[in-house]
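A quick write-up on the structure given underneath.
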Ligand code: SAH
């Protein structure tokens with residue numbers, strides 16, 4: 001298959017914000033993702049009280065699931081609307097504060113303290129700001145990243161991982177000539193070369 005057809009495609013942050021404003025969010029799964037249930041054991045690997053990262057989190061309900069299981073969840077999402085909808089749709093009280101290291105960024109934290117959502121671009125984050133993680137749920141994240149930014153995205157993710165962390169990655173398989181994306185088609189061979 002010819003992945004070249006998507007190589008130069010760029011979706012801007014403004015376009016993502018507009019999708020949220022228009023309610024054009026077909027990617028959001030109200031019921032949560034069955035693959036997280038299926039592979040939860042792989043993610044947790046017998047551990048409890050993990051720090052779990054949700055890159056490009058949207059308002060993924062899986063953040064609530066994992067927090068309810070006693071884990072601490074950190075997400076990053078460029079749309080403030082998405083972040084606010086997450087808290088309001090789960091009736092979770094939260095507070096918001098500026099992130100001193102990132103100009104214009106805000107962090108929204110559940111009052112109980114176990115869910116922290118950064119409203120900024122993922123490329124503004126680093127381990128000195130958010131720490132490192134024991135697990136990552138990457139659904140609609142790597143596949144939503146612009147193809148030209150994949151290497152940068154993966155380098156950051158590797159940097160945010162603790163030594164024994166686990167990473168669940170959901171991709172989609174389809175003919176990239178028939179759909180311009182996102183979600184983009186990321187072939188398995190590329191995943192192997194990106195993550196090493
Ligand atoms: N993972 C979520 C959302 C997937 S859609 C889910 O499973 O439902 C991708 C999301 O990434 C969108 O909500 C979009 O607003 C956000 N996004 C796109 N580029 C981003 C960036 N550079 N930094 C942070 N969030 C971004």
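Positions of Cβ are set from backbone N, Cα and C atoms, glycine also.
Residues or ranges marked as S-adenosyl-L-methionine binding site in TrEMBL: 16-27, 56, 77, 121-122, 139. In sequence order, 19, 58 constitute the residues six or more apart from residue 25 (S-adenosyl-L-methionine binding site) in its chain with CB-CB distances below 8 Å.
Residue environment of residue 56 (S-adenosyl-L-methionine binding site) contains 24 other Cβ atoms, counted within 10 Å of its Cβ in all protein chains.
Taking a Cβ cut-off of under 6 Å from any atom of ligand 1, none of the binding-site residues 19, 22, 25 qualifies.
The number of other Cβ atoms within 10 Å of the Cβ belonging to residue 19 (S-adenosyl-L-methionine binding site), over all protein chains shown, comes to 17.
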